[in-house]
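> Okay, here's the structure, questions in a sec.
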Amino acid sequence: MSTTTLTRREQRAKAQHFIDTLEGTAFPNSKRIYVTGSQHDIRVPMREIQLSPTLIGGSKDNPQFEENEAVPVYDTSGPYGDPEVAINVQQGLAKLRQPWIDARNDSEELDDRSSAYTRERLADDGLDDLRFTGLLTPKRAKAGKRVTQLHYARQGIVTPEMEFIAIRENMGRERIRSEVLRHQHPGMNFGARLPENITPEFVRDEVAAGRAIIPANINHPESEPMIIGRNFLVKVNANIGNSAVTSSIEEEVEKLVWSTRWGADTVMDLSTGRYIHETREWILRNSPVPIGTVPIYQALEKVNGIAEDLTWEAFRDTLLEQAEQGVDYFTIHAGVLLRYVPMTAKRLTGIVSRGGSIMAKWCLSHHKENFLFEHFREICEICAAYDVSLSLGDGLRPGSIQDANDEAQFSELHTLGELTKIAWEYDVQVMIEGPGHVPMHMIQRNMTEELESCHEAPFYTLGPLTTDIAPGYDHFTSGIGAAMIGWFGCAMLCYVTPKEHLGLPNKEDVKQGLITYKIAAHAADLAKGHPGAQIRDNAMSKARFEFRWEDQFNLALDPFTARAYHDETLPQESGKVAHFCSMCGPKFCSMKISQGVRDYAAAQAIEVGMADMSENFRAKGGEIYLKREEA
């Protein structure tokens, strides 16, 4: 771990340099490929890892090789992963989905911003130096129209977004021919439907049933379509955002790009500090992945941080502000009801959700029902006009394993199920947020309860952390729970970084959290038996057995760390072709010994086979030519 501490000025300057010099970058020995759909502008990005050939025989002067197929993998990095694309953060990303949105002809540009706060910010010329220059003119649904992917799915329409997703979820596995790579253990899927080939119609069907969501605000055309549902690959969310204490716009944009590079399928901007509006605009215009927020955080800032002063009007204005910027999903803590708050009194750690505690305090101060619950239908009307998905927040999630699976937690969950049905009346897409802190033996019940109470809407959990004793290592404690609940059917895992419970994560913390959670998500896909999930593992194992070190590095989730660890003890180029590593050395390498055993067994089999043929030759009289039997 680095011991160098940068000043705030140095951190900001470093982030600014990152942004100014940003260009598309591929991982080592990887290249960006695009798979085209039924129309020319459906170009689905993937990363293809190129592999070296296997030595199969021959001589030193004339070696014989067998080619190894390139391995295609899911890629969340957008244009930042393509060296051929010119990157300019000041201009933002290309508007990939704009032609599809326009072609549907069910939305219209607004003459002015609907949010009074947005109009106030735009009128403040003191913010000109902070403001993103290429602001979009926001759109909303035409009168009487709904523009959500759920609405289209229910109408039987397969959108370009759905076709894009079908291609993306298949991960190019149809390109793989090797039986060794295609081999896969049967999984235990706990009732999930995992077709061998995902079609656009299957995507449409899952969205129509509410089992999956496509977060895709019509005001975020830069995003590449993705899907969240238990019958698809398990996804990972990364949280970024400034606070009143630290971080800047430059640093948050840097963290966004960094997150997508290391595999974030979505990113939540949880900013609570200065310039929340401006920071979010920069993030959205440069994000190839869906962006989520917790609007109550900004609404609280608008009333000077005093929860009791929150009003529906201030919150509604915040929803309009963020929807017209392009936020793809809102976390709404509408299930924290007044009657549930006393249930938390006997907890060890009370209410640990920021949004949950804000709403609980408001309810108790006014002795009124949660205004988010009371105005939930109006929230749905706003979301339906922009296609903002709802992530129904678990404001009463347990903050310690002692509080896991208690009355407050599951009471709120049942209310979220009721709210899910209301949202579906408005064709609004919904996912459900989950815990939290839960010991391993109590995790599966969370998934079972969610499926039953929330009608199979996608589950999105923070971990859960399986023990409370490891501050500084909570990416590990939660990664265990994340792998388990992903296996049981959780659709998206919210990452936890090493800084959880300790401080705001920096760039390296973001990477550590993402790598941990990509491992958890992939382990869950393997356990479920998701078709094609084992291809990369098989390729890695084959490279490992054949001592193809470069391929091992390049197939790793983090090639740079894998290479660095190897090179700590064997830095020479000869170490990249050696048939051992520093763990066992040349004499005790189990794989080298296994290769010898295999070669010996093969030679023995040939020798036994030759002996059998010799015996058979003698038994038939030892004649070189046998007489043909007469008919």
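Glycine is treated like the rest: Cβ placed from N, Cα and C.
Straight out of Swiss-Prot:
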BINDING   ASN239, MET268, TYR297, HIS333, SER353, ARG354, GLY355, ASP394, GLY395, LEU396, ARG397, GLU433, TYR460  substrate binding site
BINDING   HIS437, HIS501  Zn(2+) binding site
BINDING   CYS581, CYS584, CYS589  [4Fe-4S] cluster binding site
> Given the binding-site residues ASN239, SER353, GLY355, GLY395, ARG397, find the one whose Cα is closest in space to the Cα of HIS437 (Zn(2+) binding site).
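Its closest listed neighbour, by Cα, is ARG397.
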> Highest CB neighbour count within 10 A among the binding-site residues GLY355, GLY395?
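Output for this query is GLY395.
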> If you measure TYR297 (substrate binding site) to HIS501 (Zn(2+) binding site) at Cα, how many Å is it?
18
> So what sits near HIS501 (Zn(2+) binding site) in its own chain, CB-to-CB under 8 Å and at least six residues off in sequence?
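Result: PRO471, ASP474.
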> Using DSSP and three states only, what is GLY355 (substrate binding site)?
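Where GLY355 (substrate binding site) sits, the three-state DSSP reduction gives helix.
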> Which residues, sitting 6 or more apart from SER353 (substrate binding site) on the same chain, put a CB under 8 Å from its CB?
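For SER353 (substrate binding site), the qualifying residues are HIS333, GLY393, ASP394, GLY395, LEU396, ARG397, GLY399.
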> Under 8 Å between C-beta atoms and at least six apart in sequence, can you list the same-chain neighbours of TYR460 (substrate binding site), or say none if there are none?
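The list for TYR460 (substrate binding site) reads ILE228, ASN237, SER391, MET431, ILE432, GLU433, GLY434, CYS490, ALA491, MET492, LEU493, CYS494, given in order along the sequence.
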> Within the chain of ASN239 (substrate binding site), which residues six or more apart in sequence place their C-beta under 8 angstroms from its C-beta?
VAL267, MET268, LEU270, CYS494, TYR495, PRO505
> Over the residue list ASN239, MET268, TYR297, HIS333, SER353, ARG354, GLY355, ASP394, GLY395, LEU396, ARG397, GLU433, TYR460, recorded for substrate, what is the maximum interresidue Cα distance in Å?
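Overall maximum Cα spacing for these binding residues reaches 20 Å.
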> Work out the three-state DSSP category of TYR460 (substrate binding site).
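TYR460 (substrate binding site) sits in a strand per DSSP.
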> Can you tell me whether DSSP puts HIS437 (Zn(2+) binding site) in helix, strand or coil?
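HIS437 (Zn(2+) binding site) sits in a strand per DSSP.
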